[in-house]
Ligand SMILES: NC(=O)c1ccc[n+]([C@@H]2O[C@H](COP(=O)([O-])OP(=O)(O)OC[C@H]3O[C@@H](n4cnc5c(N)ncnc54)[C@H](O)[C@@H]3O)[C@@H](O)[C@H]2O)c1
Ligand SMILES: O=C(O)C1=N[C@H](C(=O)O)CCC1
């Protein structure tokens, strides 16, 4: 038991945080050594089991990230961009594996994460599920075969609380579609149409985001041609798929060389 990797869950009260706490507690391949919330959060100081509405497990939620990360072999982080960038400095100092599920980073934040990966293993993916990571490969392949006479549109739907758009998954799919065509997504992405937009640019990759209710996550990649349409679709119905992927990444990352990895590396895709 003592030599199983010790895991810290950042943002333990969040939708993903709670799912991660359950997933690590149920695993026989890792142990939960810390649960972190932001300073001032009402869960800080409370037993995490009781805070989640269950039995006492003897692990209080803390806002002392430095203290718990020093005891850990891996940190699983589904929080917010600024919080994740700050945590990357701590995991780099502690040489702990940092599994990053957070989405919505700007280029400067991504640069800071890249810098931290010089010192420690970082596994980062906008979606940690097996299905989506397979869909990314399929999207790249279909995009390469069909060519620019097929218009590519990516449509995603998520719950009402999601704060970033397009979703991290939609951006992964867009990047794969662009790679398939040998172009950079930044040069062809069309985000947010409104008003008299003019006709669609040939070669554009369009994004649309739906937000509502409790949708866990749905993604369509549409290839629309003359007289036919191909749609690749992933539907997530349970956040456990993301948590399982994240825990697999934390275990996979043990004893790897420092660097930034993704779920293709973890899943061997
Ligand atoms: N990569 C994936 O597979 C995947 C899957 C689901 C969600 N996500 C992403 O994960 C992130 C979180 O999603 P969510 O639905 O769980 O959000 P959420 O708002 O329910 O949870 C985020 C939690 O992080 C906490 N937090 C914020 N700042 C913190 C800090 N400095 N220290 C510690 N905790 C802090 C918040 O208090 C909150 O409890 C989002 O970016 C989302 O897009 C990624
Ligand atoms: O609930 C979320 O937020 C999700 N975020 C990821 C994204 O941005 O793609 C993965 C799906 C769920």
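Glycine is no exception: its Cβ is also placed from the backbone N, Cα and C atoms.
Curation plays no part in TrEMBL annotations; they are all automatic predictions.
NAD(+) binds 11, 12, 13, 14, 15, 16, 101, 102, 103, 125, 126, 127, 128 as TrEMBL records it, and from the list 37, 109 the residue named for this site is 37. The Cβ of residue 158 (active site, proton donor/acceptor) has 25 neighbouring Cβ atoms from other residues within 10 Å, across all protein chains displayed.
Just so you know, the Cβ of residue 38 (NADP(+) binding site) picks up 15 other Cβ atoms within 10 Å once every protein chain is counted. The binding-site residues in question are 13, 102, 127, 169, and the one with the fewest Cβ neighbours inside 10 Å is 13. Fewest other C-beta atoms within 10 Å: among the recorded positions 159, 162, that description fits 159.
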